[in-house]
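Asks: Below: one structure in structure tokens.
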Amino acid sequence: MRILKWAICALDPNYIEYPIRFVIHITKIHTTTYNRVEPKRMLRLLKLVTIPANRLYHTKTTVMCFGDGTHGALGLSGSIIGMGSDAYEPTPIPGLPPDVVTIAAGHFHSLAVTCDGHVWAWGRNNEGQLGRDPLSLRETWNEPKRVEGLNKVRVQAAFASGVISAALGDDGSLWVWGSSNRGQLGLGKGITKAALPSKVETFSGEEIVKVSLGWGHALALAKNGNLFGWGYYADGRIGKIGRELEISPLESGQEFSAIEAAEKSVMEAIEKEKDMPIIWEPGSIEELHELKVADVACGLDHSLVLCCDGTLFSGGSNAYGQLGRANKDLGMRPIDIHFRPLTIASGLGHSLAICNDPSSEATRDATSVVSWGWNQSSQLGREGPEDIPQVVEGLAGETHVSVSGGRAHSLSLTAKKEVWAWGSGRNGRLGLGSSVDEAEPMLVEYLEGTEVIQAVAGLDHSLVLVAE
């Protein structure tokens, strides 16, 4: 058996093209039928990105960090009590077990899952997203500690937003903790806090394989391709779930003069919200009821949904062109994209996709990174129209395995185990040794010679998982 993270491959048991998308989390293989692609090419891609299971479980790993340490999300000590120093180059995080198999970066906190299914957390804990008492000593928040309360389940993956954390059990169960006034926990009407991990009971036997979390909304993908949404649903960011869609009371169309102003404006708007449109428990998304879903990604106030037939949908705020479509209707609508997406990701206000590269005959396994949306700090990695999905030319010729977006920066991991970064360099979030913005993708040279397994972007920090 081989282990990989969101790999794409094709299976042809009867000499008939029958593409399959393998979603493999630690020990289990989940499959959903995927869009038709050339099978031999996808099998080559599979070989490039897999890691043998026996090697993964007998190889030590290190989690490294770079970027903004203000909230302790880097797990590094600092001179300010309860807050860590910034890191301008990839820096090992002390105190973590040597058998981490997957990582997640929230807005201001971080998570790691070990081989034995335990979750470790560090960073901001104002909302209890670390699984610790928010009144606990602040100076310990930047210290990675194991999350208690998950003894009944073996965790295979973790996910994080700005205010909550989530974990998937190997039985497909979903567990959440933290605090969200927007119903992001999904635990039922009026439930806004969970001090310890609590099971989301609403899925009626569905086996969940992936979760994505926005500012106050959430999407969950089931093994059979069904999609569920909950939380703050204004602007149709989770589609239609039994209620009429509403325009958000947030003033999301205003221009941000600075990165700090973006966070401030959102926080001020949240305080002004009254009678927020909230779906308190997971529900089926009506627009996608007849479709099978392959991947999901949530930005701050928008969402992307990739279906198994290759259609890419978007919903939510389009203030910066992050929906990538001319159709202005609320809810989930198809994106005007001329590429075949393989997997997707979202930053705060920008969108990313890895697509088949139609011009890759010379480099037969190459894939393209496509970007669109907010580009104030060059997080799209390209010039040209921002509201139209276009290829990031600076990454041409590479085989991209995953992409990830932060507030104003982006990361890509290639099949060569290399990490590319672009966008805002503030606080060192690109890992390039400086605070300089990069308009085009730059290789994170500090990681050359290492075997990077995973690279993820938080809002203002980044994490990489490296095999020793």
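Just so you know, glycine gets a Cβ as well, placed from its N, Cα and C.
Keep in mind that TrEMBL annotations are predicted by a computer and have not been checked by a curator.
According to TrEMBL, the record shows the following:
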REPEAT    61-116  repeat 'RCC1'
DOMAIN    63-464  domain 'RCC1-like'
REPEAT    117-171  repeat 'RCC1'
REPEAT    172-224  repeat 'RCC1'
REPEAT    225-309  repeat 'RCC1'
REPEAT    310-357  repeat 'RCC1'
REPEAT    367-416  repeat 'RCC1'
REPEAT    417-468  repeat 'RCC1'
Asks: Pairs of Cβ atoms less than 8 Å apart decide it: which stretch in 61-116, 310-357, 367-416, 417-468 has the most with the repeat 'RCC1' (172-224)?
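Replies: Comparing 61-116, 310-357, 367-416, 417-468 against the repeat 'RCC1' (172-224), the winner is 310-357.
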Asks: Per DSSP, what is the residue count of the repeat 'RCC1' (310-357) in each of helix, strand and coil?
Replies: 0 helix, 20 strand, 28 coil
Asks: Could you give the mean pLDDT over the repeat 'RCC1' (117-171), rounded to a whole number?
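Replies: It averages 95.
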Asks: Where DSSP helix means H, G or I and strand means E or B, what are the helix, strand and coil counts for the repeat 'RCC1' (61-116)?
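Replies: The composition, in the requested order, is 0 helix, 25 strand, 31 coil.
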Asks: With DSSP as the yardstick, break the repeat 'RCC1' (117-171) down into helix, strand and coil residue counts.
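Replies: Per DSSP, the residues of the repeat 'RCC1' (117-171) fall into 3 helix, 19 strand, 33 coil.
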